[in-house]
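Chemist: Just passing along the structure, written as structure tokens.
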Amino acid sequence: MTDNTDNMEGMDHSNMQMGQSDTSKSDPNQMNHMDHSNMPGMNKVQNMDEPAGSPQVLTGTKFTLTAKESHLMVNETNMRTAMTFNGTVPGPQIRVKLGDEVEITLKNELDEPTTIHWHGLPVPNNMDGIPGVTMNAVQPGKSFTYKFKATVPGTYWYHSHQEGVVQVDKGLYGSFIVEDPKEKKADRDYTIVLDEWMEDGEMDHSSVNMSTMDMGSMDHSNMGSMNHSKMNMGSTGTGRMMSDAEMMPMMYTIFTANGKSGSSIEPLTVKEGETVRIRLINAGFLSHPLYLQGHEFKIISSDGQPINNPPLVSGQLLNIAPGERYDIEFVADNPGVWLLGEQSKNPGASTLTIPIVYEGAKGNYTPDNEQRPVINMTRYGEAAKAQFSLNDKFDLEYTMDLNTATADGHFIYTINGKTFPDTDPIKVKEGDLIKVKLINNSPEDLHPMHLHGHFFQVLSKNGQPISGSPLIKDTLNILPGEEYEIAFKADNTGNWMFHCHDLGHASSGMVTQVNYEGFKPDFTVDPNAGNKPE
């Protein structure tokens with residue numbers, strides 16, 4: 001077998017969600033905010049083969065998402081107040097078909113502004129949902145309708161981009177699936193959204209964030225000024241401040257799959273002989289290295305984009321960083337009760353236990369201590385002709401030095417020595433071919449870098465060309481000391497964020513923009529909107 005594994009040293013781990021697609025059922029009684037008349041294209045609520053309280057699955061072309069506070073029971077004893085879409089964490093799964101013209105109305109019933117960002121979807125710039133960059137935040141009691149065409153099939157997700165370090169942390173996210181009618185369907189299609197929570201439900205990531213952004217009076221589309229406030233991150237007892245990578249796993253010790261943890265996680269039911277697809281989405285702040293007991297599986301897509309000729313693997317870990325998505329597929333050929341779980345040193349790893357139960361099987365899964373290597377996605381799958389190569393001539397080459405620094409005794413996260421909004425934007429013209437070198441010089445922190453509005457192709461890792469399937473992504477995890485080269489075409493006009501999807505790092509400065517020459521946003525920044533894009 002090809003060596004497609006990587007070392008786990010230095011990694012941090014988190015976030016999940018699930019739900020099975022069964023488009024044969026609908027429950028109109030659950031359509032709280034919809035007109036139940038027979039309007040063409042209006043969304044239908046579908047029951048899933050899963051327990052009460054699971055996120056709804058909405059199909060159609062017109063949807064309503066209501067942001068509001070609700071109570072969340074993550075396990076038998078831990079209840080907290082969460083920010084939700086339509087009352088659940090995760091929010092409803094939205095399933096549309098390739099080519100659909102989609103309309104989604106956000107109703108804000110929170111007591112603070114919010115927005116929705118369509119993570120990974122190449123939407124028009126004014127629909128990207130970034131307060132102060134592409135729109136003003138939606139105020140309490142107000143609504144905004146997002147309109148875009150579903151142009152690329154795959155597994156995506158949506159989440160608040162208004163002070164995301166707080167609002168996403170409190171549950172304001174959901175999954176978004178674009179179906180390709182030509183794609184062969186699995187017998188079972190589950191979605192699992194990963195996340196993590198603190199034991200104290202009143203705490204949130206912002207209370208320990210290195211810095212928070214005061215952006216209410218800032219025009220982010222033009223990279224205006226900002227005020228960084230700082231907070232002490234704690235000490236190791238030796239006079240050295242604890243890094244984010246050290247502290248976060250100790251703070252976030254409850255790992256969830258679709259809002260549930262430990263024994264409260266509902267099993268994935270399968271039947272012998274079936275093909276099972278699991279869509280894995282990481283909505284949290286930590287990475288999650290997952291293993292599947294008792295079965296070989298293949299990784300059929302990364303960030304919604306297909307892997308060419310993926311081989312079967314077993315006894316290996318699939319690491320999912322914040323913001324990433326991976327779809328795996330396996331044949332249910334080993335009856336019994338098995339585990340989809342996490343292997344890491346994080347205290348919360350033991351709470352991320354997703355049973356896979358064959359119909360008619362009795363008993364429980366048996367945990368194991370097998371040590372598994374991590375799949376190296378740059379060597380996984382079969383090489384094929386791709387859009388870009390390292391030998392291409394590019395219109396622009398740009399280097400991003402990702403690093404950790406201190407200011408006034410507190411950590412900040414920098415790009416080329418600067419924090420947002422003082423980072424230098426990548427200035428492009430429509431049609432430009434751009435190559436970006438991403439270098440993680442942070443001593444301990446990993447940086448999952450997410451580009452809005454575009455997909456990029458990974459060209460090399462640590463100076464070595466990609467040898468597996470062409471790897472097309474929108475979020476790329478970069479460990480300390482690693483270096484990647486990526487390439488993309490400037491084919492979606494606008495001002496787009498490019499940032500670390502550890503939202504604590506983003507809110508502490510690790511953000512820049514890809515700005516198109518001559519582009520002017522179609523909105524005016526409202527200084528009273530309280531725009532906080534991270």
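Cβ atoms are placed via backbone N, Cα and C, with glycine included.
As listed in TrEMBL for this protein:
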type     : residues       : note
REGION   : 1-37           : region 'Disordered'
COMPBIAS : 14-32          : compositional bias 'Polar residues'
DOMAIN   : 70-182         : domain 'Plastocyanin-like'
BINDING  : His119, His159 : Cu cation binding site
DOMAIN   : 236-341        : domain 'Plastocyanin-like'
DOMAIN   : 401-516        : domain 'Plastocyanin-like'
Chemist: Taking only same-chain residues 6+ apart in sequence, whose CB is under 8 Å from that of His159 (Cu cation binding site), what do you get?
Modeler: Ile116, His117, His119, Gln167, Val168, Leu172, Tyr173, Gly174, Ala283
Chemist: Averaging the per-residue pLDDT over the domain 'Plastocyanin-like' (236-341), what integer do you get?
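Modeler: On average, pLDDT over the domain 'Plastocyanin-like' (236-341) sits at 94.
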Chemist: State the count of C-beta atoms found within 10 angstroms of the C-beta of His119 (Cu cation binding site), not counting that atom itself.
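Modeler: I count 27 other Cβ atoms within 10 Å of it.
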Chemist: What are the DSSP helix, strand and coil residue counts for the domain 'Plastocyanin-like' (70-182)?
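Modeler: Helix/strand/coil tally for the domain 'Plastocyanin-like' (70-182): 7 helix, 52 strand, 54 coil.
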